[in-house]
């Protein structure tokens, strides 16, 4: 086959455009091959995810056709499960930075070897975020109105336009960093620092910005006392730095078991160390908010009262939030045990618990009480409809598919199992 | 040529290089899988294709923002919308483009001492503005309030007994047409804005339906079209305006426009005309001799949620 002619020649120190044109094509071909081949377990996993995402795609298509009346949202609770998941996933995307900081600022060697796993997670999470915004639109056909220069972009006044900028910017930054590093590894060359290190440092600040701006979407609304608190952005960040590392620790353990990728003990230790602190700060902030609300009472406490204890027999959120609180506290205790590293399965349990805990807290526990009671003090509860669950599951399945495929490409390339220049 | 450069990828990912032919079993399986997957995706998306065919058009997709349309462009849009109303609802309607008048800024005042909570204003709004019949939508919500408190915490919008109840008073709430409207600030696509006469409007053909404005409004003044509005042909109010009471598309926001198709022509809003007690007073805030100015000058008026700094142009007073 003539496709691999570049392998037989001496590589020039500086490649011209023609070289990149052919070798990049090779890279894409290899990537395609890598992410479509695997064990039966891999195929089964992908088939299950495809099936779930198909259910979601269909539910969304029906929603567009019949209107958002098929959701449980209404003029009182006008955002629901979609925006709840969006908010949480911005945090998951930002959470990956907890690998980037140790790797690039503290030069943690183990972390440096595994940091790409966090950066790829950011890509998959941001894609899911954007999908959750799209499915929440009443008129997805008018998405182009939201594009700078083409549509009408209400920047800088609308915080949503800031979110469009920071989320897409973060996606591009991570695509560039991961793409560049993978391509260089594929060529068998050492990546040039100037082509990625500056972007890595920008991405660190950018990660903070995505979750801060997302918090500003809510805390800037004076008519919603539940969200109108300066603590919202710091709390968003702290909980993101719980959920992000928790997810990555589980992924690292899975990779260690399922592939030959060397995951250094140091990465897991560092991430656990980070979680031990962030989960405590998050619990302190939660206590502080609860104290302020309940001790003061009045208008600011009504939504919190409803969230934690219900109101007049209405208690749709009570089981959610107490599950979250219990998971967070149990997770914190497990994480803080001195011997957590000797029993890795307890670490896994702790990670799953805090991940679900934050998903509830930053999702249903944050978005829904903002609308209950309504601004005219009407009590309308919200329980997501079947359509919303299907679409939500579909997007999560799609995101996991993307993440799986990205890892399928990245791991062999990084372990030098494959490359375009040297073979065997 | 090595193994990894021809068939399989070398090692590590579990694939095998099983010969030169690309028609091997694995590739055939893969191709079948991809085809089936693509077919399933197309099938799953079929409701979307229906909707695109029946409810959207190229002209509509490419339509520019209301404030960017020139005279000709607007004329075409209005003609098309009238045609759509005929096609979709069987009704002959006229859709005008009513512009703000110079030297006018509208204000509204409501006398809480004489409002009896009959909700005729809400009903008039429902008919005047071509609201969806099934949901009984209206831009006005009337709260039955507990005497002894101005707090909406003690209000109830769902009362169902003869009015006025002797122990209660009634407070209708609708868009306050704020001078500092949070709903306008948050809109990411400038689909909603404040006109020169103070009315906050929505371009229903530009709104993307993100509902951020609905979250931002402190007065529950905004409504979303959760489905395509259903109105019997004979009940449709044919006197319509682009920015106010024309039948809204599915999936966009709407709100009270002080009946701009009436008030910009010198008429009173429908809710005022329906009020049996004369509790509602509407007029030009810039005209010192107007009735609304007389109320502001002589009565003790207040606005809702003043502490939020939204600067409403809707005032409440007691006699």
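Backbone N, Cα and C define each Cβ position, glycine as well.
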Checklist entry - Taking A:9-32, A:81-104 as the choices, which stretch does TrEMBL tie to transmembrane segment? => result A:81-104
Checklist entry - Hey, would you say the transmembrane segment (A:81-104) packs against the transmembrane segment (A:317-337), going by three or more CB pairs under 8 A that are 6+ residues apart? => result no
Checklist entry - For the transmembrane segment (A:349-373), what are the same-chain contacts with Cβ under 8 Å, counting residues 6+ beyond its ends? => result 76-81, 83-85, 87-88, 91, 218, 224, 226-227, 236, 239-240, 242-243, 246-247, 249-250, 275, 279, 282, 286, 302-304, 306-307, 311, 317, 320-321, 323-325, 327-328, 330-332, 334-335, 340, 379-382
Checklist entry - Looking at the stretches A:40-61, A:195-216, A:236-256, A:317-337, A:393-414, which one shares the most CB pairs under 8 Å with the transmembrane segment (A:116-135)? => result A:393-414
Checklist entry - Top stretch among A:40-61, A:195-216, A:317-337 for CB pairs under 8 A with the transmembrane segment (A:393-414)? => result A:40-61
